[in-house]
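One structure is given below, encoded as structure tokens.
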Amino acid sequence: MERIETDVVVIGAGAAGLTAATELKAAGKRVVVLEARDRVGGRLWNGDFDGHLLEIGGQWVSPDQDALIETLAELGLETYSRYREGENVYIAEDGERRLFEGEIFPVPAKTEGEILGLIEKLDALVAEIDPEAPWAHPRAKELDEISFAEWLGTQTDDEEAKLNIGMFIAGAMLTKPTHAFSALQALLMAASAGSFSHLVDADFILDQRVVGGLQQVPLRLAERLGDDVVKLEQPVRTIRWSPEDPAAGVTVVTDSLEVAAERVILALAPILYSRISYDPPLPRRQHQLHQHLSMGFVIKVHAVYETPFWREQGLSGTAFSPYELCHEAYDNTNHGDTRGTLVGFVSDEEADGVFSLSAEERQAKILESLSHYYGEQAKNPVLYYESDWGSEEWTRGAYAASFDMGGLARYGADLREPVGPISFACSDMAGKGYQHVDGAIRMGRLAAANILQG
Ligand code: FDA
């Protein structure tokens, strides 16, 4: 077993881990990054399909994500706008296809009024929430004890309004059904993006993409750190340290490496912490709190066509329906590409449902759903791919982790608290930028800053 000595070990070469390593190295620390996979990036992954780029994981950048925007500028990465010219599509409960412009779906006037009223109420509540400490809200416990589905039920009896407002947080963000997370968790999701209105505004939340794909952020960070710092195919198995002698530091063990350091940063999804053995075991509080987090689950569907045919029909490619298998879909054509790409999302229970089918049946059902938005041509892509993060051993879901009912108020404040020499950093514990690359960068910076402060 090779033995290395360093100042800080970072476990995980995603955006959080590589940011932390970059900050520490810039401050003069020796750093080693241990990554389980044979690539860097974690949930950022540029897929190459016969020369065609598909962004299998995260891709969009919104204007409030200043930590990510700063990183993009620093790495010299260019962005471009999502295509959004023309009309959007909404499909009603009876299957009627309605075209619309702006953010508010073409629903009956009463439903529209209910939707606008809910957005206003949620914006007001979100304004009271500090995304860095949602548990500090005076009604945090109460809001964490009621599911978002129940909360919506206390506000309106309009089913279509509930489904649409639910979709912005459930299918589109936490990728869990509205009965599976609390109203407080929903408010955190919205507060992390600045307001609930921002989540409703696709032009804001899904604004820009990076030329060449967002995985270039971790790829470039890793390149700058160098191969002697970033070590691939090194799943960490054990972390040892001595509570009686904290100055003795920490030893991090993989199958072929033993790294001795003063501090370690766990920069992986919190649901994976229990894959590592700790000697001594983590404290009772961490044993408990990590069990109250779970990953959402969504299939990101990519369908590439010879041309972006929907544009010729005057469509933007933006499409929504709480009644469709693909609850949202967008024009995802790459920068400068003559082909057209659509991206659609199948979330939580719908994803469970289609994964019980054969691959052929699943593809047919998903393309059928896309055809409801864009017409029959959508059924014949030249390239089709489903991002399946649920089967990725080192992620186990998408997009990210959130607390179960009551978990955020009960445990949230302890999620980032270091244990001895062990610090934690991941998008899944961010306030601003929660569940996004921006949050991962923020948490990487924070963990590094805390270590540097001593
Ligand atoms: P991440 O999970 O990326 O990195 C953790 C790393 O730790 C991984 O590389 C993993 O292999 C490694 N690891 C785990 N266990 C280990 C062990 N025992 N030993 C060593 N290494 C270990 N965000 C956004 O901003 N815009 C978007 O459009 C989207 N869209 C989106 C779509 C899809 C399909 C997904 C899956 C995700 C998104 N996201 C997103 C979310 C975004 O991708 C995500 O929040 C961040 O990339 C997470 O970065 P982290 O570094 O925190 O974790």
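Cβ from N, Cα, C; glycine included.
The record from TrEMBL ties Glu35, Ala36 to FAD, and of the options Val236, Val250, Val252, Val253 it ties Val236 to that site too. Listed in chain order, the residues near the FAD site other than Glu35, Ala36, Val236 are Ile11, Gly12, Ala13, Leu34, Arg37, Glu233, Gln234, Pro235, Thr254, Leu268, Trp394, each with its Cβ within 8 Å of the site Cβ centroid. Phe345 (substrate binding site) falls within a strand when secondary structure is assigned with DSSP. Ranking the binding-site residues Ala36, Val236 by how many Cβ atoms sit within 10 Å of each one's Cβ puts Val236 at the top. Annotated pair Val236 (FAD binding site) and Phe345 (substrate binding site), C-alpha to C-alpha distance, rounded: 32 Å.
For Phe345 (substrate binding site), the same-chain residues lying six or more positions away in sequence with a CB closer than 8 A to its CB are Gly171, Ala172, Val298, Ile299, Lys300, Val301, Cys326, His327, Glu328, Ala329. DSSP gives Ala36 (FAD binding site) a coil state; it is part of no helix or strand.
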